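Notes to accompany the following structure.
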């Protein structure tokens with residue numbers, strides 16, 4: 001039975017994932033203004049490092065949540081995120097942007113992200129997917145607001161104060177998150193290693209995690225390169241290319257919640273598998289989106305499906321078929337995201353190397369993303385069957 005003792009706070013999601021999903025706006029600005037001497041592949045490493053650390057740090061923070069360090073983790077994480085944003089506002093060279101926006105924000109986001117998700121996963125059972133979806137709406141709000149904010153403010157007050165303005169918003173959100181999520185101390189369990197070694201022999205868990213690695217290899221490619229695609233391939237204005245990022249992220253808000261209203265009838269993992277299949281189709285149909293109206297329709301379609309990919313894994317990992325011992329939920333969640341983070345790290349730089357901006361040629365990157373999503377579907381079939389079989393056997397008892 002679901003409990004309502006915990007407030008679902010979108011703050012950490014808005015700060016961490018909202019900033020990350022807005023990186024396409026930064027990528028375009030860096031390519032054309034601040035870091036014009038750097039290649040798209042090099043610049044994409046900033047967002048890739050941030051995306052990787054947000055989830056990879058969970059390998060460490062997951063077990064620490066299980067040990068009762070919830071308050072400390074969320075406070076330290078939020079502080080580092082705000083500090084990283086402020087340092088980004090001072091950056092003028094590539095290595096400075098990489099350290100501030102890539103490493104500092106990534107590490108801070110990673111420290112706070114898994115604890116915030118564990119709070120929700122451990123306090124909601126039957127309504128867990130919807131609860132996590134509501135929290136994930138925060139990142140959709142951030143990823144819509146921040147690109148628009150960046151576009152509107154940057155020409156008027158400059159890059160430094162635009163980024164600082166985003167930082168002040170995140171400071172307020174961080175304080176609210178600390179007040180809401182840290183009202184109660186974390187539940188302490190016995191000390192354990194940061195890795196549950198038994199999980200590596202758990203075939204459904206490992207296939208699920210490797211499937212997510214394929215998904216994460218492709219997931220950020222549209223988010224990072226849509227502005228460049230719109231500007232070079234569709235010949236839109238830079239302003240409109242920024243708004244396309246907001247359109248995608250706005251559509252993703254519906255994908256984070258709406259599909260899970262069906263979770264009473266369809267297993268959430270089955271919804272995820274269907275969504276990944278739809279994303280594979282989206283990557284291939286992106287090739288045909290060669291005019292602005294068609295591309296806007298595609299952006300809404302992709303945005304909706306990408307929203308499912310954001311919320312589903314965190315909601316699914318608490319299932320007994322994937323995490324038999326609830327005391328290890330934080331550890332397994334950290335391991336799952338740690339494994340899949342390898343995809344977040346290298347996916348967009350590889351895509352950047354495949355893109356030819358001088359010829360507005362994105363074909364190789366689009367095919368690369370589509371094949372990876374298709375691979376993710378294939379790897380996830382067995383975990384889907386195991387979860388459905390487990391649920392059916394429980395209903396018969």
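For all residues, glycine too, the Cβ spot is worked out from N, Cα and C.
Taken straight from TrEMBL:
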- 43-65: transmembrane segment (TRANSMEM)
- 72-92: transmembrane segment (TRANSMEM)
- 98-118: transmembrane segment (TRANSMEM)
- 130-150: transmembrane segment (TRANSMEM)
- 162-182: transmembrane segment (TRANSMEM)
- 203-221: transmembrane segment (TRANSMEM)
- 241-262: transmembrane segment (TRANSMEM)
- 269-289: transmembrane segment (TRANSMEM)
- 295-322: transmembrane segment (TRANSMEM)
- 334-355: transmembrane segment (TRANSMEM)
- 367-388: transmembrane segment (TRANSMEM)
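When the stretches 43-65, 72-92, 241-262, 295-322 are ranked by Cβ pairs under 8 Å to the transmembrane segment (334-355), first place goes to 43-65. With a cut-off of 8 Å between Cβ atoms, the residues of this chain six or more beyond the transmembrane segment (203-221) that come close are 23, 47-48, 51, 269, 276, 279, 283, 306, 309, 313, 316-317, 321-323, 332, 335-337, 339-344, 346-348, 350-351, 365, 368-370, 372-373, 375-377, 379-380, 382-383, 386-387. Between the transmembrane segment (98-118) and the transmembrane segment (367-388) there are fewer than 3 Cβ pairs closer than 8 Å, counting only residues 6 or more apart in sequence, so the two stretches are not in contact.
Between the transmembrane segment (241-262) and the transmembrane segment (295-322) there are 3 or more Cβ pairs closer than 8 Å, counting only residues 6 or more apart in sequence, so the two stretches are in contact. Listed as Cβ neighbours of the transmembrane segment (367-388) (distance under 8 Å, sequence separation of 6 or more from its ends, same chain) are residues 203-205, 207-208, 210-212, 214-215, 217-218, 221-222, 267, 269-270, 272-273, 276-277, 279-284, 286-287, 316, 319, 321-322, 343, 347, 350-351, 354. Tertiary neighbourhood of the transmembrane segment (269-289): same-chain residues 208, 211, 215, 218-219, 221-222, 255, 259-260, 262-263, 295, 297-298, 301-302, 305-306, 308-309, 312-313, 316, 319, 362-363, 366-367, 369-370, 373-374, 376-377, 380-381, 383-384, 387-388, selected by CB-CB distance under 8 Å and a gap of 6+ residues from either end.
Only residues 6 or more beyond the boundaries of the transmembrane segment (72-92), in the same chain, are considered here, and those with a CB under 8 A from a CB of the stretch are 12, 15-16, 19, 34, 61, 64-65, 99-101, 103-113, 115-116, 159-164, 166-167, 170-171, 174-175, 177-178, 181-182.
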